[in-house]
Amino acid sequence: MAASKPVEPQAGGALPRWQVALLFGAPVALGLGAAYLWYRRRAGEKRAGERKTPEGSASPVQGPRAAAHPLDRAQAAKNKGNKYFKAGKYEQAIQCYTEAISMCPREQKSDLSTFYQNRAAAYEQQAKWTEVVQDCSQAVEMNPRYVKALFRRAKALERLDNKKECLEDVTAVCILEAFQNQQSMLLADKVLKQLGKEKAKDKYKNREPLMPSPQFIKSYFSSFTDDIISQPLQKGEKKDEDKDKEGEAAEVTGSSGYLKAKQYMEEENYDKIISECTKEVESRGRYTAEALLLRATFYLLIGNATAAQPDLDKVINMQDANVKLRANALIKRGSMYMQQQQPHLSTQDFNMAAEIDSRNADVYHHRGQVTASVWRDILDCCVSELQYRQAYTGNNPSQVQTAMDGFEDVIRRFPRCAEGYALYAQALTDQQQFGKADEMYDKCIELEPDNATTYVHKGLLQLQWKQDLDMGLDLISKAIEIDNKCDFAYETMGTIEVQRGNLDKAIDMFNKAINLAKSEMEMAHLYSLCDAAYAQTEVARKYGLKPPTL
């Protein structure tokens, strides 16, 4: 399975989930990269301290004639309030700010907005979140681009669990501050993740099962080298008159649901596989273990991990079952646990799989979050990939070169292994050897012309290498043409449309990806992208603020 979709990094992991951000030379520190790719375009980084203090220096009270003016009396009350605030006497500060608000002429909008914002700061210290929101709203009404008031309101809205409006406010702050303030970026990242998880939990639980495209299913099975259930029907499993018909789908006996399911796999009639496996399991047939594993695999493919786990558990606990079946079940359950963000259980399963079948290359590929191909000796490529990632993240040039030499050795020894070229291409892209990376992707396409993700990666390369937006979009569109269920292509297209300022189109792309997501974690990530784009449309509508575009 060449040019696989990038995966969410675990703690200490090396494969970046927000890879698109790297395309535009924007290092991502938080997890907001694909939503707000532009935030580090400007040089430097503002490191603002926490916004706690009220505005306006406590300047001396003006002389008698000046003090007679209402605005001067309001300023004097504010200055007195600031002194109380700094002394931690928040109730007295609030009284002074209230006096300032009441004395200030209504036409002095700038001063009034400051007084309201200062009173909100005092309310904030008392954890009176509703009052904070009310006063900040007054301040923003008079001064729509008042960063302090917007950010203070965002924090209060978060406390009140109003994440949608909180996100809109903090998005406006990020844009006004040119995405250079760490605090506002952290809050936006936090709220996006919370919203994504909440929406994904509800959507994923209630969604209709969706069978992936044939291209995805074939690529998935090709990522295993020791998977018995994905192998073609053996001669002993065929009817006598079909045993000599090499390369043809065999008609199997009517007594085995599992063998029927295998025939449906060869015919790419995937929708019937789960029901046939169920027949085999319920009849306690000869292939019960195989049927349980195949059924669990298709449950995973349609995103029903709840139904898959009992089947995987049963296979793993069958001490007399083929060790390859048990190891494969452990790998799939371990991958499922990783998707569910249970790394401890995932590690246990991969370690057990390695213990019972130490020569199984699939254990090492999938444990490293790197898919394998049908080539048994691709383990060498996985080792090269892991060595490269460790060297790259550790900034060790000599080790990087050793790993790159390892990739060269792999493609020399296994010239028809598409995965080797794909992984090498990604490493070459990291090293900005774009021309050679492009050649590697071309080789992938030659070997696996129907692999949509390869076209996505090649399209992204064109953006990074040549800044050729048209070619990049053409290649990603080609990926969708090949596989209209390729969620990675829709996600990438949406991210690019955000960069171009086409937010409505971006939202449409993200929603298509959401409906195709294969795990709750992946769906949560996509929702965060979609919510970020939607928040930007609302900020543009309310305040006329738009980030820079490509």
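Placed from the backbone N, Cα and C atoms, the Cβ positions cover glycine too.
Predicted automatically and left uncurated, TrEMBL annotations should be read as such.
Marked as transmembrane segment by TrEMBL: 20-39.
For 46-73 (among others), the entry in TrEMBL reads region 'Disordered'.
The feature repeat 'TPR' is assigned by TrEMBL to 74-107 (among others). Counting residues of the repeat 'TPR' (74-107) by DSSP class, helix then strand then coil, yields 27 helix, 0 strand, 7 coil.
Annotated region 'Disordered' per TrEMBL: 232-252 (among others), in sequence order.
Look at TrEMBL and you will find 235-248 tagged as compositional bias 'Basic and acidic residues'.
What TrEMBL lists as repeat 'TPR' is 418-451 (among others).
Only residues 6 or more beyond the boundaries of the repeat 'TPR' (487-520), in the same chain, are considered here, and those with a CB under 8 A from a CB of the stretch are 5, 20, 24, 34-35, 37-38, 200-201, 203-204, 207, 210, 212, 301, 303, 305, 339-340, 452-453, 455-456, 459-460, 463, 469, 472-473, 476-477, 479-480, 526-527, 529-530, 532-534, 536-537, 540, 546-547, 549-550. Per TrEMBL, repeat 'TPR' is recorded for 487-520 (among others).
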For the repeat 'TPR' (487-520), what is the mean per-residue pLDDT, to the nearest integer?
93
In the repeat 'TPR' (418-451), how many residues does DSSP put in helix, strand and coil?
27 helix, 0 strand, 7 coil
Residue counts in helix (H, G, I), strand (E, B) and coil for the repeat 'TPR' (487-520), per DSSP?
29 helix, 0 strand, 5 coil
